[in-house]
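**Student:** Encoded as structure tokens, here's the structure I'll be asking about.
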Amino acid sequence: MQTIRAPTTQGAASRVAGRRMCRPVASAKVSTAVTTDVSKRSVPTKMEEGEMPLNTYNNKAPFKAKIRSVEKITGPKATGETCHIIVETEGKIPFWEGQSYGVIPPGTKINSKGKEVPHGTRLYSIASSRYGDDFDGQTASLCVRRAVYNDPETGKEDPAKKGICSNFLCDAAPGTEITMTGPTGKVLLLPADPAAPLICVATGTGIAPFRSFWRRAFMEDVPSWKFTGLFWLFMGVANSDAKLYDEELQALAKAYPSQFRLDYALSREQKNRKGGKMYIQDKVEEYADEIFDLLDNGAHMYFCGLKGMMPGIQDMLERVAKEKGLNYEEWVEGLKHKNQWHVEVY
Ligand code: FAD
């Protein structure tokens with residue numbers, strides 16, 4: 001793995017994080033995933049104009065960009081490794097918050113017919129707002145978990161079976177070319193009403209689109225969308241070292257105590273009310289009454305992360321709905337009908 005010496009501000013960021021092994025930023029203009037500066041910045045609001053971009057680039061005509069930096073943002077005791085990756089797009093592959101990009105990893109594979117073909121596209125939620133981490137619209141960020149394969153018999157990692165695209169991205173040196181498609185997706189878009197409360201439920205890299213939301217809501221001066229609602233983030237990870245963007249989140253919680261709420265479910269560190277592991281549904285359940293009330297009053301609820309998160313959440317919500325004398329299916333259908341219910345899991 002290539003390591004490049006960190007510029008000064010990055011060094012400061014490393015000290016803030018303490019436990020992190022940051023892969024540094026190769027640019028005079030330093031962007032970092034570890035920030036505690038959540039002040040409002042002015043942004044090039046020309047990027048507010050026009051329709052939502054969709055599939056501007058595809059496999060046949062992809063967009064080529066360069067990776068600016070790859071920074072590991074999980075600590076040593078995390079279950080797995082996650083990287084914050086900044087891509088220099090020069091604003092030429094515009095997107096809206098909540099959308100994803102496709103990435104086509106380099107190289108080929110042998111398909112089921114024995115033919116050598118390029119690798120397929122992998123989707124990644126965009127983890128910055130449309131203005132990027134430098135607020136100038138010239139970059140976009142991804143939050144990528146390195147996919148590894150552990151042999152079930154030996155329990156050892158088998159590098160021959162590691163995930164192609166996530167490892168390409170997490171190992172990329174600054175300046176590496178990246179082949180992109182998209183943007184894609186319209187499930188996780190922000191509501192037009194800037195007063196609508198946002199309840200965001202994430203596991204792991206599912207936090208990526210919500211980072212784009214909180215940056216737009218709190219860290220950018222967007223005259224046409226001045227957020228005045230409640231932003232409530234539920235984040236599920238295994239342990240404290242697996243938290244993502246926690247410094248930024250703590251700074252937001254401090255700066256906006258009545259508008260920004262943050263609740264972690266740390267499955268390997270916390271216990272739920274019944275003494276079992278604290279999963280994301282257990283943490284959400286603690287606030288079920290408030291959440292049902294908020295949804296009754298027009299809040300939007302978003303879910304993003306691994307597919308496996310949804311059954312536990314749905315079972316919990318169904319149980320709570322029943323206790324309240326509601327028919328769960330009808331309740332969810334009603335929310336979907338009013339476009340208040342947003343699920344993107346993978
Ligand atoms: P692949 O090469 O596709 O391999 C897939 C898995 O199979 C890996 O776990 C690999 O270890 C395993 N494997 C490989 N070979 C074998 C074998 N022979 N036997 C058994 N297992 C094997 N991911 C993120 O990290 N961040 C995001 O923000 C994100 N957003 C997404 C948004 C959407 C809408 C979707 C659909 C997906 C998203 N993903 C995200 C997932 C991402 O698209 C990829 O699926 C993920 O990175 C794995 O791709 P890969 O190329 O690394 O793994």
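Backbone N, Cα and C define each Cβ position, glycine as well.
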**Student:** Where TrEMBL shows ARG145, THR205, SER267, ARG268, LYS277, GLY305, LEU306, GLU344 binding NADP(+), which of SER69, SER112, SER125, SER224 is named for the same site?
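**Tutor:** Given ARG145, THR205, SER267, ARG268, LYS277, GLY305, LEU306, GLU344 bind NADP(+) in TrEMBL, the matching entry from SER69, SER112, SER125, SER224 is SER125.
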**Student:** Which of the three DSSP states, helix, strand or coil, fits GLY305 (NADP(+) binding site)?
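**Tutor:** DSSP assigns GLY305 (NADP(+) binding site) to strand.
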**Student:** Show which residues of the chain containing GLU344 (NADP(+) binding site), separated from it by at least 6 in sequence, have their CB under 8 Å from its CB.
**Tutor:** SER125, GLY185, VAL187, LEU188, PRO209, TYR302, PHE303, CYS304
**Student:** Run through the Cβ atoms and count how many others sit within 10 Å of the one on THR205 (NADP(+) binding site).
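**Tutor:** Looking across every protein chain shown, the total is 24.
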**Student:** Got a sec? Which of these binding-site residues, SER125, ARG268, GLY305, has the most Cβ atoms within 10 Å?
**Tutor:** SER125
**Student:** Under a three-state reading of DSSP, tell me whether THR205 (NADP(+) binding site) is helix, strand or coil.
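**Tutor:** In three-state terms, THR205 (NADP(+) binding site) counts as helix.
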